[in-house]
Amino acid sequence: MGRRSKQKQPPPAPLFPDASRSAPRKSPKVVKAKTSGAEELTALTAPSKSNGKRKAVDLDPEVDERARGKVAKVKSGLGVQRGAAKTSKGKGKFTGKEQIERSIAFDSEDEAGDGFDGLSSGDEEEALADEFEGLDGEEHDGKDEAEVEGASSSGSGVEYSDEDASDDQAALGLEMSGDEEGDDPLVGAQDEEDESDDADEEEGDGEAAPLQLPELPPKGTKLSERQRKKYIAEAERLELLLKSQGHTLDSDDQDGEEGSEGDEDSEVGDENLELSEVTEDEDESDGSFAEEDDEGDFILPTLEERDAESAKGVDLQVVQLRMQEVVNILSDFKNLARDGRSRSEYTEQLVLDICAYYGYNAFLAERLLQLFPAAEALEFFEANERPRPVTIRTNTLRTRRRDLAQALINRGVTLEPLGKWSKVGLQVFESSVPIGATAEYLAGHYMLQAASSFLPCIALAPQPGERVLDMASAPGGKVTYLSALMQNTGVVFANDSNKARTKSLSANIHRMGCKNVVVCNYDGRAFPKVIGGFDRVMLDSPCSGTGVISKDASVKTNKSERDLQLLTHLQKQLILCAIDSVNTRSATGGYVVYSTCSVLVDEDEAVVDYALKKRPNVKLVPTGVEFGREGFKAFRDKRFDPKMNLAKRVYPHTHNVDGFFLAKLKVSPRQPSQKSGEVRMMEDEVSASADANGDVSMSIDANDAGATGDQSLFEENEEDSEMIAKSQRRAEKKRGFKPSIGKTRVPHGVSA
Ligand SMILES: C[S@@+](CC[C@H](N)C(=O)[O-])C[C@H]1O[C@@H](n2cnc3c(N)ncnc32)[C@H](O)[C@@H]1O
């Protein structure tokens, strides 16, 4: 793990609007969060400058101190980026009156919910005690926010779990209209901030502003060829911008307004840059490995230099500088790269530096880097160094958001609604009480739950009275939300293969007053054999957790390529089982939501695409979540389903939420012609997975599967049976079992 990752964990920044960008930034040094389009209206947002007195709640007092040190350090360096991470600098609290007014103002439209049921009834007390036991020291292999728990009586912990909301999707206010942004105190606040920034830039109220080069060095400063090109490129960009807005250029600023490139080069250079004689100065190599040649151009370290650097010990400031140089070059490779150097050489150096600076293993650093333009990737890595804001979900089975907000405000909590997109979410900025141990928490009035974790439940949109399966549900953040959305009607099967984790799952279900939930402990791949025919299925899949690195830094180093392969294999099996557990003739549903708290394409689009190919009766449909980025339709050499854009991705650096992926699938009845190839696939999948994962003894008898009417994906013909039997034997043999003939071994966790 790199030094940086060991160093500090700064305080959570407020939720921030998406800094969506259509193109990579020219430079990572100046990054300003901009919002655009629908995302601007709906993204999670930060407090305005005007009320920037809040500080996102941090339950660890040490964190604050460390954070200040870090901010100072970053400021003193070149500041890799700060756009998406801008935090309110001021501190302080609202007065009680202000807080109350705010809480009342934001929530008058809140969904009906079931009202306040009072504190937990006597028979829930035991469950509450169990729950706390379960929450302490909870393992979180899935790395979902719902799993990162720490609620304790000391109050220093925050449990991240899932969310609920009541009512249907419409009641959740998912349809955002363009004029809504002003209504939301958070959205509006951020927009104001951005607008004022824009206004600064465009000052002059329509009058032609003189062409100004940004941040020019003092006259006489020596500029390298690369720097000169950069300034010229920037000047050209500004010129084009001004012209496109109908401005004419001042002749003082530039002779020959439409001059050739060459002209501009020299004119801008003469006028503003005053290239001076090269002088001997501190640019000279000091052995710091962020070297420049005698023209000041950055040069990549040689192998020997890298070795020497490793031997000497990494200087983080040097590494940071070098990352910025490389990112800069990669963002305008044609103009800025040195002759003879390839893009991959720069990328390779960047990967090494990311590993050294942030503490990732090379495999993961490279995979994550591939997701974004280089400058944006650094923003992502930076965002992973900061905690996400604390958010809670109102349990509408027990209370209303406005009442909850009021109660918490009375306890000294500073909070605000999460945003228009959720009627049950609250963002906690400051709290003088442990937010995971208030009376309201104990009484199940809310769940500590990361904002991203709301999304799959909103997407699944279960209806009252339906049969729903949550295939991997512990510790229950999402399943308790589903239960509330269904207003405690119908039935929700809350499954998890990890028996230990079902303890906290049950405890949360009791605490939240969910009476329509059945807890079960099967390997998800045992569905639909165990039970099928669901109106909707949620698969919040076990994953690598690359979206929640800020909560679990061990993810940076604990996943190898092989681990990822095994994981994606499991995910592919699970998604097929989820699909096959759906009642394709459901009158009200027929949906699967697949989600992960990983941002890796292999665990996200690739898994969904695989399922779509294997199940021709399934198609992608809109998630109903209006913000976030679209899923990748293509990624590197891979081409995915043309509708993959309907899937959603959110990132820490764009929305200040955990990285998350979700896709919604509609499962239709299969045509007879679609049945054949599936049997073989399914059988192979199940056997192979048992090999790959080792922890599950899984072998499904084709004759038993498909016990749920049209879920009969295991229907087979003679040829299939033969193949299945063979494969079963092969798998068992590999696992050291004596191959059984025609016998089904019961999966782990499945009661025979
Ligand atoms: C991302 S977490 C689920 C979080 C949960 N949905 C929530 O909101 O609280 C993934 C879960 O999958 C479970 N899991 C792992 N492998 C599984 C399998 N083969 N079948 C079912 N559950 C599995 C893990 O025990 C873990 O609890």
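One is the number of the first residue shown, and numbering goes on along the chain from there.
A Cβ is built for glycine as well, from the same backbone N, Cα and C atoms used for every other residue.
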If I go by TrEMBL, which of D540, D552 binds S-adenosyl-L-methionine at the same site as A472, S473, A474, P475, G476, G477, K478, D496, D523? D540
Give me the count of other Cβ atoms within 10 A of the Cβ belonging to G476 (S-adenosyl-L-methionine binding site). 34
Cα-to-Cα gap, D523 (S-adenosyl-L-methionine binding site) vs C597 (active site, nucleophile), nearest whole Å: 20
DSSP state at K478 (S-adenosyl-L-methionine binding site), helix/strand/coil: helix
How far apart, in angstrom, are the most distant Cα atoms among the S-adenosyl-L-methionine-binding residues A472, S473, A474, P475, G476, G477, K478, D496, D523, D540? 19
Quick note, G476 (S-adenosyl-L-methionine binding site) and C597 (active site, nucleophile): C-alpha atoms separated, nearest Å, by 15
Along the domain 'SAM-dependent MTase RsmB/NOP-type' (380-668), what average pLDDT does this model show? 97
Measuring Cα to Cα, how many Å separate C597 (active site, nucleophile) from K478 (S-adenosyl-L-methionine binding site)? 13
